[in-house]
Amino acid sequence: MAASDQHRSRRHDESSSRPNKKKKVSRNPETNLLFNLNSCSKSKDLSAALALYDAAITSSEVRLSQQHFQTLLYLCSASITDISLQYLAIDRGFEIFDRMVSSGISPNEASVTSVARLAAAKGNGDYAFKVVKEFVSVGGVSIPRLRTYAPALLCFCEKLEAEKGYEVEEHMEAAGIALEEAEISALLKVSAATGRENKVYRYLHKLREYVGCVSEETLKIIEEWFCGEKAGEVGDNGIGSDVGMLREAVLNNGGGWHGHGWVGEGKWTVKKGNVSSTGRCLSCSEQLACVDTNEVETQKFVDSLVALAMDRKTKMNSCETNVVFSEFQDWLEKHGDYEAIVDGANIGLYQQNFVDGSFSLSQLESVMKELYRESGNNKWPLILLHKRRVKTLLENPTHRNLVEEWISNGVLYATPPGSNDDWYWLYAAAKLKCLLVTNDEMRDHIFELLGSTFFQKWKERHQVRYTFVKGNLKLEMPSPFSVVIQESEKGSWHFPVSCENNEESSRTWMCISRQSILDSPKSNGKIP
């Protein structure tokens, strides 16, 4: 054999005798069990998982952990919809949970949710709520979620145990957990079924606050209540006679609801129909409102903007930046008679990303003229534009006269160097409660302020988008009405129904009304 062949042969023998470093290390019994349980969970094989569990608890080699119990409990709770497995899943699930607790292992949120679902499937809402309360009282890193409470709440509502359902809701509220449509509908249904008219009123407003458009299932619950005998017996106890108070409440709430209680007398008229493009109900001819944020929300929004703007400027280590924003606040206080705020940079730079493209003052001028034309009070809007941009425009002889005219007329404010003009135009629009013309989606601001729900509502009411097609301007004004549940000062209700395509012209609305003082030819003198 040649020397080279001998060397290769020896090297091969040595390598084959050495362990392969890339070879998978054998798993310990606990890891093996968890792997197999996860496989059973994916395939929804409850029987196989229980067999693995039974073998593990009789073995001295396996020590069950929280993950093992969690996987088993999840699989049990996921099997309760299968009639053939329901009893097995419930019985073994409770057995597994008892062993978990007796072993000194604290259940996490996922495990508690699974046990609550098992208890609810058994019809034991008390136990479902008990395990959640015990979990919350212990505290820790894992916190309850809507899904943790839902089994107990829905179980109580289904069994018409209204007071217990309300107790669960109170516990959720204390934990900072908001209801969603399924839970609100369940509470609405049990309240209607047990004749609690004040609770029905409360949960209708919960739907308005958290849901917007309702599902067909929820609509049926609402319809059954208003068509029922109890709803017709509920009067307004004189509330409806104080029309001034109701109108003021609607105004303070931002439009679309007053929240003072049932208004009107007698049976309700329930109709399903459509709403015109201008917001006129085609069933009762009532004009739907364009719902804005209320006074408290708006002021909180303005205060948040000021705080965030100041904080950003402080982080820039400039001793002047807080002063200049305060100067703008003072200036706006003196000159703040505007119906619209214009994001100058957004409009001037629109579609200018081409060779030789620059700031288009003509586009900005078109927007200004159109807003002035559409203003019923012949008012010019206010442009917010960075001082550097204003300086450049003033240096251009073609633009100088127009820009100087805007400045002298108080319709152009130059934001100072080192400042983000976004904060200026957003603050101005919020403070003055007026329109904001920009195509900016403002995604950077949403999560820093009051949350996406509030900010989305504010944008829907105040943001004006625009397009230029072949140089022709088109402004996209906010909708003349809001597609949300509405309660009028007359006591009528309008419920928009969820639809797949969200096409407003074909959306079904349920219109609910009855006789009120505003329908009477004479009043008691309280109507202003």
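Cβ atoms are placed via backbone N, Cα and C, with glycine included.
Features of the protein shown, as given by Swiss-Prot:
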REGION    1-28  region 'Disordered'
COMPBIAS  1-16  compositional bias 'Basic and acidic residues'
REPEAT    29-64  repeat 'PPR 1'
REPEAT    72-107  repeat 'PPR 2'
REPEAT    108-142  repeat 'PPR 3'
REPEAT    145-179  repeat 'PPR 4'
DOMAIN    275-511  domain 'PRORP'
BINDING   Cys281, Cys284, His494, Cys511  Zn(2+) binding site
BINDING   Asp343, Asp421  Mg(2+) 1 binding site
BINDING   Asp422, Asp440  Mg(2+) 2 binding site
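Overlay of Swiss-Prot annotations on the structure.
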residue : record                : Cβ within 10 Å
Cys281  : Zn(2+) binding site   : 22
Cys284  : Zn(2+) binding site   : 16
Asp343  : Mg(2+) 1 binding site : 25
Asp421  : Mg(2+) 1 binding site : 20
Asp422  : Mg(2+) 2 binding site : 20
Asp440  : Mg(2+) 2 binding site : 16
His494  : Zn(2+) binding site   : 26
Cys511  : Zn(2+) binding site   : 21
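When the binding-site residues Asp343, Asp421, Asp422, Asp440 are ranked by how far their Cα is from the Cα of Cys284 (Zn(2+) binding site), Asp440 comes first. Here Asp422 (Mg(2+) 2 binding site) is compared against the binding-site residues Cys281, Asp343, His494, Cys511, and the shortest C-alpha distance is to Asp343. In sequence order, Lys271, Gly273, Val275, Leu282, Ser283, Ser285, Glu286, Leu288, Ser492, Trp509, Ile512, Ser513 are the same-chain residues whose CB sits within 8 A of the CB centroid of Cys281, Cys284, His494, Cys511, the residues recorded for Zn(2+) being left out. A separation of roughly 36 Å, to the nearest angstrom, links the Cα atoms of Cys511 (Zn(2+) binding site) and Asp440 (Mg(2+) 2 binding site). You'll find the Cα of Cys281 (Zn(2+) binding site) roughly 35 Å from the Cα of Asp343 (Mg(2+) 1 binding site). Per Cα geometry, Asp343 is the residue among the binding-site residues Asp343, Asp421, His494 nearest to Asp440 (Mg(2+) 2 binding site). When the repeat 'PPR 2' (72-107) is classified with DSSP, helix, strand and coil residues number 27 helix, 0 strand, 9 coil. Between the CA atoms of Asp343 (Mg(2+) 1 binding site) and His494 (Zn(2+) binding site) there is a gap of 35 Å.
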